[in-house]
Amino acid sequence: MMSSGFSVFRVGISFVMMCIVYKSTEDSLPDLTPQKYFSTLQPGKASLAYFCQADSPSTSIFLEELNEAVRPLQDYGISVAKVNCVKEEASRYCGKEKNFMKAYLFRGNILLREFPTDTLFDVNAIVAHVLFALLFNEVKYITTPEDLQKIENTLKGKENMIFSYVRAIGTPEHRAVMEAAFVYGTTYQFVLTTEIALLESIGSEKIEHAHLYFFHCKLALDLTQQCRRTLMDRPLTTLNIHVFVKTMKAPLLTEVAEDPQQVSTVHFQLGLPLVFIVSQQATYEADKRTAEWVAWRLLGKAGVLLLLRDSLEVKIPQHANVVFRRPEKEVAVEYLVLHDIDLIIFHVENNMHTEEIQEDEDDDVEGPDLDVQDDEVAETVYRDRKRQLPLELTVELTEETFNVTVMASDSIVLFYAAWHAVSMAFLQSYIDVAVKLKGTSTLLLTRINCADWSDVCTKQNVTDFPAVKMYREGKNPVSYAGMLGAEDLLKFIQLNRISCPVNIASTQEAEEYLSGELYKDLVAYSNVSVLGLFSPGMTAAKEDFTEAGNYLKGYVITGIYSEDDIWILKISKVK
């Protein structure tokens, strides 16, 4: 649970990001000097600082996300600002270039945490990371089923628990959980994991999605008894979690003796349907047990009430034993005859499912849901985020080193953005290629983070990420347009070792080319070889073939032979 000291800094958190030059017409981020910033730090108040130099290139993408984070952070008493360094500034946060790639979280003048800026890749990541750091002692992060069982045993008979699985720290779902923890952390124990195996251990289905469970541990008075669990069956958003938690706090079953059309409960106010189990004096105890069982099955989905027929002034059909009221006030109640609990559950869930589908369809009309990052690429990045990549096998470029490097040697450059999921997935493939080429290639493998050096990338006509370009002295850059995988990129690099089309000097060399002997070390990278045969006078045709060969360079081996003896060649195959 949260310590009592949490409420002290909750009301006075400031979030200060200090940046690399960003010219904006918006003034939502106050500009502070380092001296002014440090003079504003107060005991017990938290702030996150990102330092920037006035003469550094713009990191507009990052700061756009930071600007979007201002308002949601202010909702939690967290202010946002930026601090500009000057060249003569001697602060440890202004001195070195690498310091401009990190954000620093303080409480008072004490440094709590450092964040690489590429982890703050969007507004969700910024809010999630800040709240998670500040609530680190209140939100327990676990990795094994044993950890979960230990916490569960500790809470039995005392407190309830909210357990969440998210695919990664910094996702929209993680932000939603942290925002809920900020509000409800003094009431419930929050537990978080990113381990799929832990989710599988408690029998969850559809493990590719984020999950949130409410553990009713307060009801488990026997240590051998497992805490009852209720799964939130809606997407993990702040609003959905709020609604779900409110329903957990509401009475499990309410008895009423009034017109169902006029009844209003917490569930109904939250936009959930109501289910009335009709009872009469003779069967009251049995009806109440049935209603309680239905209430547990529908917990978090609908409100369940026991409707006492004998006390009603308004008559309901004699045959009806269930009344269903949709959350829309203008819709009339339904009188049903359902003698099986499963039929009651099915009726409610089927109607809720229809509403959810309609909501999804409306979302599709409006546009894609940017908060749902459940594509395989993003999942791969999040799953492998702890993998230590040998980045030293590639050269990291900056504005100062880019031109010097690509002009001094044959180079291949990966243009990526650290906030971009596909970029980070492809970076892993790029490093895999570097491992395979280590010690065998004269080509220099480099990379540049366009989130930090956007001006450089713009000058190279790179606007979409990731992008790969090959630079050779005296030639125009060659762009890679293949699949985003290590195998295809390696093929592209290896096939670019030779000029295409290759000028074949003799018929013997042509035979060797066709048999695969001439470039046998490249056969493994290309299953297609094309040889163009032209008489010396076919100038226009040769130019067209040469243009096609240049276009296919890196993907297909092409050769050209244009001598008077071309007709003595026996072309038996095209590899």
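Keep in mind that glycine also has a Cβ here, set from the backbone N, Cα and C atoms.
Per TrEMBL, the features are as follows:
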| type | residues | note |
| --- | --- | --- |
| SIGNAL | 1-18 | signal peptide |
| DOMAIN | 28-131 | domain 'TXNDC16 N-terminal' |
| DOMAIN | 132-251 | domain 'TXNDC16 second thioredoxin-like' |
| DOMAIN | 252-342 | domain 'TXNDC16 third thioredoxin-like' |
| DOMAIN | 395-494 | domain 'Thioredoxin' |
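Per-residue pLDDT, averaged along the domain 'TXNDC16 second thioredoxin-like' (132-251), amounts to 92 for this model.
For the domain 'TXNDC16 third thioredoxin-like' (252-342), DSSP puts the residue distribution at 26 helix, 22 strand, 43 coil. Broken down with DSSP, the domain 'TXNDC16 second thioredoxin-like' (132-251) shows 48 helix, 23 strand, 49 coil.
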